[in-house]
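This report concerns only the one structure given below.
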Amino acid sequence: MSQRKFAGLRDNFNLLGEKNKILVANRGEIPIRIFRTAHELSMQTVAIYSHEDRLSTHKQKADEAYVIGEVGQYTPVGAYLAIDEIISIAQKHQVDFIHPGYGFLSENSEFADKVVKAGITWIGPPAEVIDSVGDKVSARNLAAKANVPTVPGTPGPIETVEEALDFVNEYGYPVIIKAAFGGGGRGMRVVREGDDVADAFQRATSEARTAFGNGTCFVERFLDKPKHIEVQLLADNHGNVVHLFERDCSVQRRHQKVVEVAPAKTLPREVRDAILTDAVKLAKECGYRNAGTAEFLVDNQNRHYFIEINPRIQVEHTITEEITGIDIVAAQIQIAAGASLPQLGLFQDKITTRGFAIQCRITTEDPAKNFQPDTGRIEVYRSAGGNGVRLDGGNAYAGTIISPHYDSMLVKCSCSGSTYEIVRRKMIRALIEFRIRGVKTNIPFLLTLLTNPVFIEGTYWTTFIDDTPQLFQMVSSQNRAQKLLHYLADVAVNGSSIKGQIGLPKLKSNPSVPHLHDAQGNVINVTKSAPPSGWRQVLLEKGPAEFARQVRQFNGTLLMDTTWRDAHQSLLATRVRTHDLATIAPTTAHALAGRFALECWGGATFDVAMRFLHEDPWERLRKLRSLVPNIPFQMLLRGANGVAYSSLPDNAIDHFVKQAKDNGVDIFRVFDALNDLEQLKVGVDAVKKAGGVVEATVCFSGDMLQPGKKYNLDYYLEIAEKIVQMGTHILGIKDMAGTMKPAAAKLLIGSLRAKYPDLPIHVHTHDSAGTAVASMTACALAGADVVDVAINSMSGLTSQPSINALLASLEGNIDTGINVEHVRELDAYWAEMRLLYSCFEADLKGPDPEVYQHEIPGGQLTNLLFQAQQLGLGEQWAETKRAYREANYLLGDIVKVTPTSKVVGDLAQFMVSNKLTSDDVRRLANSLDFPDSVMDFFEGLIGQPYGGFPEPFRSDVLRNKRRKLTCRPGLELEPFDLEKIREDLQNRFGDVDECDVASYNMYPRVYEDFQKMRETYGDLSVLPTRSFLSPLETDEEIEVVIEQGKTLIIKLQAVGDLNKKTGEREVYFDLNGEMRKIRVADRSQKVETVTKSKADMHDPLHIGAPMAGVIVEVKVHKGSLIKKGQPVAVLSAMKMEMIISSPSDGQVKEVFVSDGENVDSSDLLVLLEDQVPVETKA
């Protein structure tokens, strides 16, 4: 049985006879559009393509395809302007028709003439008609003959700047310099009063010459806020002309249409009729043939002015087809073949419109960066569809590489329906349905535009986009799935990059959430039933003062659980993620409903969340708060430091605390690392202003009972007295190193209870020495109202004492209000969690009684051990602990808690790594380069230590390099300009809130890095922890809930071989049943590649390429003195030119590019030196 080709089926409906081979002299979506109609007409189709377009879709849609010239013979654009080469291809392959599409040679009369002379049928108006209307100046003369109104302009083309200036002098500003040939917004420049006419003229002519091969321009009066209305025309070879009604093309940017509507929604009937009549009149006057478009402007008084006739098919012809049902391309081809309009059934009185249609051009442009065209590889492409949705696309599919050589349009989306509003909503739906990943698109902008009240009313004008900055307040596509895949792919290739991780988690599955049981043994449904009321309800109903009073009146000792903060800080390097806290949160809300509080925020957890876990600490707080509404949340606040490591302006602390209170923190444990009361008061006052519970805290240090100790009972009672005078709700005692022995606990708490019988006392310790259970038992028996504990599996060593051990110690003496069975059920979860985070465990085997000598805080002990191992000092751990003790005394025997503990630790490691004794340090102090933290301490930036700074050691260390502060550091700091910070963050990172401002104030660089990480990988907190910390195994499937009701099913399919040229591997995933491919650089491989330096777009001395393209002209050289706004280079990209200007005054230090060089987006072009240019005389 013989095999028939699909193409042979066309012979059954051949309409054009033997002449049926058509070549489209164009690229992208328009050849595809034409090929489809040609195939319907049983024609054979031929595509042409440049070397750069050899993978383009239009080449594949044709029956035959031929490259234009040899490799390197033409530029990417120049290939499609090579008239003789294109005609030669047509002749060689027996082409009968040539369709020019739009752009390129579509309005070139020379091309039309040569096509006809070559014996090929030209689909379009003849050359003489193109000359009479395609040239905008000739078209004005035509309008005068037809008595159709036009906008005042030069009578003919101009060749010099002086002619442009003469027109400006006669008619005034504003004017527009326009290319006499072509369209699409290229070769156009609006010049307003004060603008540089000469520069605009030069750019317009240069751009026109590049785009259309002809730089001729003319000047005309520029109308403010007009509508742009165009009429679709069809004319045959027998003098018949019809119009297919109008399109409203007023929504434009850079004179290039963005959204088109047919018919015009708000055009009065009499104006529409006059425009349609004039359009037909113009076509008949010039003897027009084939398809064309008459374009008009309509001013605010509904006066219309003829602009030009475009002698070609338009990009937006699709929406006219949708409302009339007429295939314009089919009409073009058949008219060129000799058919008359009547033969095609096209009578004016029979042509009607039905409903409305809207077209949106989806481009790879970034609206947030002034519509900068984006380049790169499309990773994901999923298009819209359904009733009333038409797509006309070109190179739009997964894997497409978007180059800088051609127009940035991916696809035209046209929607049609019975009313304007129905179509608008349909278009919104269609745009939302698109999924395009890997390159930026203008879809977020289009959605904002379609929902703007002006667009809804249909009253837009040609500069509507430029005049409406609200359009740029866009809701961006989140691209969550693709970003997560990039992270998982990176981990699959390179492993985890989380600092501090050693090896992989020991737990190979997700921890199981335990079931709680009520008194009757029934399982409690913690997700459906509200948790029991707790102490937070008392706080919310009665306020901080009454809350504190009721805590004091409680008949027993309350417990605060530190598992969510200090416990994992002390044992697991603060690495426990929001995902795992949120998983157990509903269960915790039921199990620990009677708990005084959960310590869950602040301190090191704040910056570690951003710095290492790539999470937003505010999102963690809000999420946990929503899941645990009944138990108070407590945070750690470092007085005048907030959660930073040094003092900040007072207004930054006030601002931060307010955000913390508003987002869920109830109790603020406020401390100062030196017990500096002036520093402490800043935090206390901030909490009072915010309406939180103040737990002003005394930091405990050393062995209080040892004779001669600096920090004795009298010292603590004196500090406590001053804290009480500040008006604290609760008095906190913070034993950071766990050096409070049971006897000291009994004495101190007993003394405080006797002195302050009505004040709640809250004690915190660490179990580093193994005595914490005994110490906290002593505190409780001595009258402490609250003591800190941790879940059993997260207790002991450098963490807090075990809750069950403490309950056993207090049993029969003091009530805690805790359900022991519920605690055991919770503990099962945390036992598994400990295994999940085993890769962050410190190598501590048991208690360290030496803590009474070195006094290293519990949270720091594990971190210091890790740092020592990272610095190669792990084998010298005993020496490090000894050095820590010596460093403490060098600094004056200070209270050690973040950030002062870091100062001691840095100095200790400095001593060990440089093999220095304390005597060496004292002797060489005036010549050693100490760590910055030590310098900050001695300058006084952390505060004033009890007993003062040690002299002359302080002076030797500072060596007049730094001042000696004697007052509170915050008094020396200027208040932050919060409004300016907010505005700067908004400009850099988009949608920000007050919490972002607070994060930036605390940790500017960390916040910036976090935002960059989130932009790259999205919200990583949704990933299961095993997948976050370790590579997926092949065929392993995980579920990722990105929001309620949206779950991603991700399976790793394979990791590809190394591409030795690029150093990349391809990682294949199955995402919700759809294959995704991610390219990842293998960082274990060294690949020699030539890369250009990238500009820091926030550095005014860096001038970078705003988009990928070709440098047309470099206007400066090394040593040039330039001013802000002065052009430094001209870039050609996406068939348009733009001037790159200097963002600041300066002198050119280096130029990194030359004329004709290709550049990528953000490539560093020019580097400036910070020097004000010298004024020169003319």
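Each Cβ is built from the backbone N, Cα and C atoms, and glycine gets one as well.
Annotation comment: Swiss-Prot describes Arg312 as active site, evidence class similarity to another entry. Mapped onto three states, the DSSP output places Arg312 (active site) in coil. All protein chains included, Arg312 (active site) registers 27 other Cβ atoms within 10 Å of its own Cβ.
A helical conformation is recorded for Arg565 (substrate binding site) in the three-state DSSP classification. Counting every protein chain shown, the number of other Cβ atoms lying within 10 Å of the Cβ of Arg565 (substrate binding site) is 26. The annotation substrate binding site is assigned in Swiss-Prot to Arg565, Asp566, Ala567, His568, Gln569, Arg638, Thr898 on the grounds of similarity to another entry.
What Swiss-Prot records for Asp566, Lys734, His764, His766 is divalent metal cation binding site, and it gives similarity to another entry as the kind of evidence. Same-chain residues at least 6 positions away in sequence with a Cβ under 8 Å from that of His766 (divalent metal cation binding site) are, in sequence order, Ser570, Asp735, Met736, Ala737, Gly738, Ala772, Thr798, Ser799, Gln800, Pro857, Gly858, Gly859. In the three-state DSSP reading, His766 (divalent metal cation binding site) counts as coil.
The feature domain 'Biotin carboxylation' is assigned by Swiss-Prot to 18-470.
Summarising the annotation, Swiss-Prot assigns domain 'Biotinyl-binding' to 1094-1169. Counting residue by residue with DSSP, the domain 'Biotinyl-binding' (1094-1169) contains 0 helix, 40 strand, 36 coil.
Taken from Swiss-Prot, the feature N6-biotinyllysine covers Lys1135, and the record attributes it to experimental evidence.
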Candidate with the highest Cβ count within 10 Å, taken from the binding-site residues Lys734, His764: His764
Among Arg312, Lys734, His764, which are recorded as recorded positions, the nearest neighbour of His568 (substrate binding site) by Cα: His764
List of residues, in chain order, with Cβ under 8 A from that of Asp566 (substrate binding site) and at least 6 apart: Glu599, Gly603, Leu636, His764, Asp788, Ala790, Ser799, Gln800, Gly858, Gly859
Set of same-chain residues at least 6 away whose C-beta sits under 8 angstroms from Ala567 (substrate binding site): Ala790, Ile791, Met794, Ser795, Ser799, Gln800
Densest Cβ neighbourhood among Gln569, Thr898 (binding-site residues), 10 Å radius: Gln569
Cβ within 8 Å of the mean position of the Cβ atoms of Asp566, Lys734, His764, His766: remaining residues of the chain near divalent metal cation: Thr562, Asp735, Met736, Thr765, Asp788, Gln800, Gly858, Gly859
Sequence-distant neighbours of Arg638 (substrate binding site) in its chain (C-beta under 8 A, six or more apart): Gly603, Ala644, Phe671, Asp672, Ala673, Gly683, Thr898, Pro899
